[in-house]
Amino acid sequence: MIHHLTGLYAITPEASSSPASLAAQVALAIAGGARLIQYRDKHSDSQGRHDRGAALLRLCRDAGIPLIVNDDLALAVDLGADGVHLGRDDPDPRQAREQLGDDAIIGVSCYDDWSLAEAAEQAGATYIAFGSFFPSATKPHAVRAAPSLLTEARQRLRIAPVAIGGITPDNGGSLIAAGARMLAVVTGVFDQPDIAAAARAYTNLFPKEHPR
Ligand SMILES: Cc1ncc(COP(=O)(O)OP(=O)(O)O)c(N)n1
Ligand SMILES: Cc1ncsc1CCOP(=O)(O)O
Ligand SMILES: [Mg+2]
């Protein structure tokens, strides 16, 4: 399946909210135009992750927006989520493809490393992520990536490049111009007084879509 990956990719914040309150925050991001949601949770125990993931999946299914689980392939399989995001400490994309199926969205972190991007495409990834592009409050020690990686990806790969790290409505346009198909954001969406308006500010950076 060809996934139409473009627009705001909202990634959940770490604050320990209940499943219902996390889902309510994500609903606002979707109301603001988010096109893909990632459940990223490094703190909850396994039951807590299952409950939050299940609440998010219900919401995303109702909204027609895919839900990606960060790191935890077993949870993605268990929930029946739409995909998984894998970093350098996570399972191989081939294993994820085997377990989640041909239609799954499999994302792979490439940091600032072009060779990881080529390997990810070879391994069957759906998208690759580069970053951090700017200082990130969520990941202060993340390696810094150059926007030219996004341009190179658009020229040399078939899969979509996603940009992450410290992205704001003010700096996001430069990454779209460099080639990013999606902007992946935590703080700029969820750590804002009006989550829907914050999401809308990113959504507005992308060219308007024409009905197909
Ligand atoms: C879209 C997207 N890009 C990059 C990451 C970072 O993944 P990783 O390097 O595995 O770090 P953690 O997020 O697991 O701390 C991501 N989650 N999503
Ligand atoms: C998970 C991750 N990987 C690189 S930067 C980052 C965090 C992005 O969060 P923020 O949008 O708050 O900078
Ligand atoms: Mg990870």
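Quick reminder: no glycine exception, Cβ is built from N, Cα and C everywhere.
Sequence annotations record features per position, and here TrEMBL assigns domain 'Thiamine phosphate synthase/TenI' to 8-189.
Mapped onto three states, the DSSP output places LYS42 (4-amino-2-methyl-5-(diphosphooxymethyl)pyrimidine binding site) in coil. Counting every protein chain shown, the number of other Cβ atoms lying within 10 Å of the Cβ of LYS42 (4-amino-2-methyl-5-(diphosphooxymethyl)pyrimidine binding site) is 8. TrEMBL lists GLN38, TYR39, ARG40, ASP41, LYS42, ASN70, SER109, LYS139 with the feature 4-amino-2-methyl-5-(diphosphooxymethyl)pyrimidine binding site.
According to TrEMBL, the feature Mg(2+) binding site maps to ASP71, ASP90. Reduced to three states, the DSSP call for ASP71 (Mg(2+) binding site) is coil.
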Among TYR39, ASP41, ASN70, ASP71, SER109, the binding-site residues whose C-beta sits under 6 Å from ligand 1: ASN70, ASP71, SER109
- request: Would you mind sorting out which binding-site residues among GLN38, ASP41, ASN70, ASP71, ASP90, LYS139 put a C-beta under 6 angstroms from ligand 2?
  value: LYS139
- prompt: Averaged over the whole of the domain 'Thiamine phosphate synthase/TenI' (8-189), what is the pLDDT?
  reply: 97
Task: Please work out which residue of GLN38, ASN70, SER109 has the most C-beta neighbours within 10 angstroms of its C-beta, and give that one of the binding-site residues.
output: GLN38
- prompt: Among GLN38, TYR39, ARG40, ASP41, LYS42, ASN70, SER109, LYS139, listed as contacts of 4-amino-2-methyl-5-(diphosphooxymethyl)pyrimidine, what is the widest Cα spread in Å, to the nearest whole number?
  reply: 16
Query: If you check the binding-site residues GLN38, ASP90, LYS139 one by one, which have a CB less than 6 Å away from any atom of ligand 3?
result: ASP90
